[in-house]
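Engineer: Got a structure for you, questions after.
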Amino acid sequence: MDELVTTQSFTATVTGSPRIGPRRELKRATEGYWAKRTSRSELESVASTLRRDMWSDLAAAGLDSVPVNTFSYYDQMLDTAFMLGALPARVAQVSDDLDQYFALARGNNDIKPLEMTKWFDTNYHYLVPEIEPATTFSLNPGKILGELKEALEQRIPSRPVIIGPVTFLLLSKGINGGGAPIQRLEELVGIYCTLLSLLAENGARWVQFDEPALVTDLSPDAPALAEAVYTALGSVSKRPAIYVATYFGNPGASLAGLARTPIEAIGVDFVCGADTSVAAVPELAGKTLVAGIVDGRNIWRTDLESALSKLATLLGSAATVAVSTSCSTLHVPYSLEPETDLDDNLRSWLAFGAEKVAEVVVLARALRDGRDAVADEIAASNAAVASRRSDPRLHNGQVRARIDSIVASGTHRGDAAQRRTSQDARLHLPPLPTTTIGSYPQTSAIRKARAALQDAEIDEAEYISRMKKEVADAIKLQEQLGLDVLVHGEPERNDMVQYFAEQLGGFFATQNGWVQSYGSRCVRPPILYGDVSRPHPMTIEWITYAQSLTDKPVKGMLTGPVTILAWSFVRDDQPLADTANQVALAIRDETVDLQSAGIAIIQVDEPALRELLPLRRADQDEYLCWAVKAFRLATSGVADSTQIHTHLCYSEFGEVIGAIADLDADVTSIEAARSHMEVLDDLNAVGFANSIGPGVYDIHSPRVPSTDEIAKSLRAALKAIPMQRLWVNPDCGLKTRSVDEVSASLQNMVAAARQVRAGA
């Protein structure tokens, strides 16, 4: 390397930052653009304001290196694909670049979107780039250079952030005989080398490459590949200083390999997996070690005393130790400031995004100026830790005793074949029964009624009356369409986790704790802070009302224990398995009550089963064991004649196929539309013998599938699953779609089922 732009290190930073806006401004702007209510210039203005405000806030808080290029209209993997020219041919017909971008993200009537799956073990979803033999990489640096220019004009100490080449290719999908995308690595490295020079020419002093794939077992060659890549990038003649960020786990052998390259800084996650043994890596001498010591994924306040002790063991192991969050704060809400309903004790235990930035700055100051410089902050932290440990709300002896008793007596149901016979005699369903996953469109009338209730413009009785009308409308629509098994549509539910959290002991639901799940989809994860209990039934009134309107079976709809954990901010003071069992006990009681009320089918959704799977294979069996046990605890209290359904969505199912079978649900519905039914062969390989409903169309896209298209998917599914075990359903709930889209799609789905059923 001939010339480095700068060698001056930084001391306090974050790995990345959210982009939806503190009041979900980006969600409203993008959805307005999609609906043609907002112009492109208006959308870009909102985006620019959000970026500038975020950079300004981070710099003002005391960070001396601020990440840029973390903003995205939809997803950072899609942004990277655009930057690298890795676009499928099917969008070439779209002339406008932004419309091309959203076509790949969401699809339209002519273009299928990219497949979507979970970002490692988080609840964020990314779009999977497609790499085929015809893919020709070409650099399109307009976005990253434009945002760097904006930030530098604002005098922000800017550090562009880019998904690294190893992670980008390992997370991409080879299509049309293209082989594994990682085989194109050498070709892609040349593009990144060119980008480094451009960033240096445009004023970047540091650049961050995100390589979270290095904490996984995605490829045994990853450590060697990463070392080769960053040796090449570090040798670029004129470039910014390079910081490679690993997060979500322990980089293992990749750490020493990276340290042997010419790069200047390496980030390690000390919250999820890594420990202070990295201090024993001699190759770190001369590097900046960016210590991810403040949890970027959960909302608990950092124990500053403990964090400083960990940091102390790192001093001397590297030329410089900088303090950072463990990962991007994309995964936590913006700030505690809007949460006016928090009691003082609970508030003192928490740190959202803004508070985590403050913790980073405090810890960096302690390293620079000594502990006495932050004595007040350490005292406040110690008081919060003591308050949380002693709070009586954290423990419920009765709940723990009941779990022990039920587990001791067994959580297995009867033989699956005998259950099927009993359920068939009760339900009298046709072959290829049609159903939906649960939720129906959240119409403007539903949202207005919920807002009116929150603002005290209507009372609870009026709200219930309006929601019952929505239930009646959903039942009527399903009967008109000819569906075989109905749902009540969930109009009363704001979210499939928050709805239950608001009724369970041990949870707190935030007012404004929004985080991005994918695109414009935002969720408000509740805070699970203590032992979980169910004070009263949660769904009986709604499901029994819906069942009273029809002779067809209506499914009871519940969220499973693993998903409730995955989509909440969960206590970190006891094993996840213990907390899962507490949630499972509450769900078990609800299933028993539903059965007693005459409900014949109960669905316990576990869309997040894959999400919590540890990234290293050595740790996965233990997780899958307790996850399956929790589901069985939740579902084994009902009779054999009661049919248990479950639903799993956007995941790489291969790694959890055995666990899906072990759940022993009578009917399992899964996402399969974007992945072209590939999961069915995996299920057959593990001897899956229960009924299955592979999603026959993608609800995350506005396009309406044709009858022939759905029939083709069903015929493909029948090659793997016999007709007597195959169900017909969309791949997920319909909450985010319009009534017109839903009606047209379901009409075609029912027609396709009848066509295939008749042998046409």
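Placement of Cβ uses the backbone N, Cα and C atoms for every residue, glycine included.
I grabbed these lines from Swiss-Prot:
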- Arg24, Glu25, Leu26, Lys27, Lys118, Arg521, Cys522, Trp567, Glu611: 5-methyltetrahydropteroyltri-L-glutamate binding site (BINDING)
- Ile437, Gly438, Ser439, Glu490, Asp605: L-homocysteine binding site (BINDING)
- Ile437, Gly438, Ser439, Glu490, Asp605: L-methionine binding site (BINDING)
- His647, Cys649, Glu671, Cys732: Zn(2+) binding site (BINDING)
- His700: active site, proton donor (ACT_SITE)
Engineer: Test of understanding: give the count of other CB atoms lying within 10 angstroms of the CB of His647 (Zn(2+) binding site).
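Structural biologist: Around the Cβ of His647 (Zn(2+) binding site), 27 other Cβ atoms lie within 10 Å.
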Engineer: Sequence gap of 6 or more, C-beta under 8 Å: which same-chain residues meet both conditions with respect to Ser439 (L-homocysteine binding site)?
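Structural biologist: Counting only residues 6 or more apart in sequence, the Cβ neighbours of Ser439 (L-homocysteine binding site) under 8 Å are Val487, Gly489, Glu490, Arg493, Met496, Gly733, Leu734, Lys735.
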Engineer: If H, G and I count as helix, E and B as strand, and all else as coil, what does DSSP give for Ile437 (L-homocysteine binding site)?
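Structural biologist: Ile437 (L-homocysteine binding site) sits in coil per DSSP, no helix or strand.
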Engineer: Which one is it: of the binding-site residues Ile437, Asp605, His647, Cys649, Cys732, whose Cα lies the shortest distance from the Cα of Glu611 (5-methyltetrahydropteroyltri-L-glutamate binding site)?
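Structural biologist: The smallest Cα gap between Glu611 (5-methyltetrahydropteroyltri-L-glutamate binding site) and any of the binding-site residues is with Cys649.
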Engineer: Sequence gap of 6 or more, C-beta under 8 Å: which same-chain residues meet both conditions with respect to Gly438 (L-homocysteine binding site)?
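Structural biologist: Val487, Glu490, Met496, Lys555, Met557, Gln603, Asp605, His647, Gly733 - these are the non-local Cβ neighbours of Gly438 (L-homocysteine binding site), listed in sequence order.
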Engineer: Rounded to the nearest Å, what's the C-alpha distance separating Cys732 (Zn(2+) binding site) and Ile437 (L-homocysteine binding site)? Just drop the number here, would you?
Structural biologist: 6
Engineer: Which residues, in sequence order, are found in the same chain with Cβ within 8 Å of the centroid defined by the Cβ atoms of Ile437, Gly438, Ser439, Glu490, Asp605 at the L-methionine site, excluding those residues themselves?
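Structural biologist: Everything else in range on the chain: Thr436, Val487, Met496, Met557, Gln603, His647, Gly733, Leu734, Lys735.
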Engineer: Out of Cys522, Cys649, His700, point to the one nearest Ile437 (L-homocysteine binding site) in space (Cα versus Cα); all of them are recorded positions in the record.
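Structural biologist: Nearest in space to Ile437 (L-homocysteine binding site), counting only the recorded positions, is Cys649.
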Engineer: Please report the distance from the Cα of Lys118 (5-methyltetrahydropteroyltri-L-glutamate binding site) to the Cα of Cys649 (Zn(2+) binding site), rounded to the nearest angstrom.
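Structural biologist: Given the Cα positions, Lys118 (5-methyltetrahydropteroyltri-L-glutamate binding site) is 10 Å from Cys649 (Zn(2+) binding site).
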Engineer: Could you say whether, by DSSP, Cys522 (5-methyltetrahydropteroyltri-L-glutamate binding site) belongs to a helix, a strand or a coil region?
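Structural biologist: Assignment for Cys522 (5-methyltetrahydropteroyltri-L-glutamate binding site) reads strand.
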Engineer: Give me the CA-CA distance between the residue listed as 'active site, proton donor' and Glu671 (Zn(2+) binding site), in Å, as a whole number.
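Structural biologist: Distance (Cα to Cα, whole Å): 11 Å.
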Engineer: How long is the line from the C-alpha of Arg24 (5-methyltetrahydropteroyltri-L-glutamate binding site) to the C-alpha of Cys649 (Zn(2+) binding site), rounded to the nearest angstrom?
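Structural biologist: Their Cα atoms are separated by 25 Å.
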Engineer: Where Glu671 (Zn(2+) binding site) and Cys522 (5-methyltetrahydropteroyltri-L-glutamate binding site) are concerned, what is their Cα separation in Å, rounded?
Structural biologist: 20
Engineer: Do you know offhand how many angstrom separate Cys649 (Zn(2+) binding site) and Cys522 (5-methyltetrahydropteroyltri-L-glutamate binding site) by C-alpha?
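Structural biologist: Cα to Cα, Cys649 (Zn(2+) binding site) and Cys522 (5-methyltetrahydropteroyltri-L-glutamate binding site) are separated by 17 Å.
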Engineer: Relative to the Cβ of Leu26 (5-methyltetrahydropteroyltri-L-glutamate binding site), which residues of the same chain, six or more apart in sequence, are found under 8 Å away?
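Structural biologist: The answer is Arg19, Ile20, Val46, Ala47, Leu50, Tyr73, Ser520.
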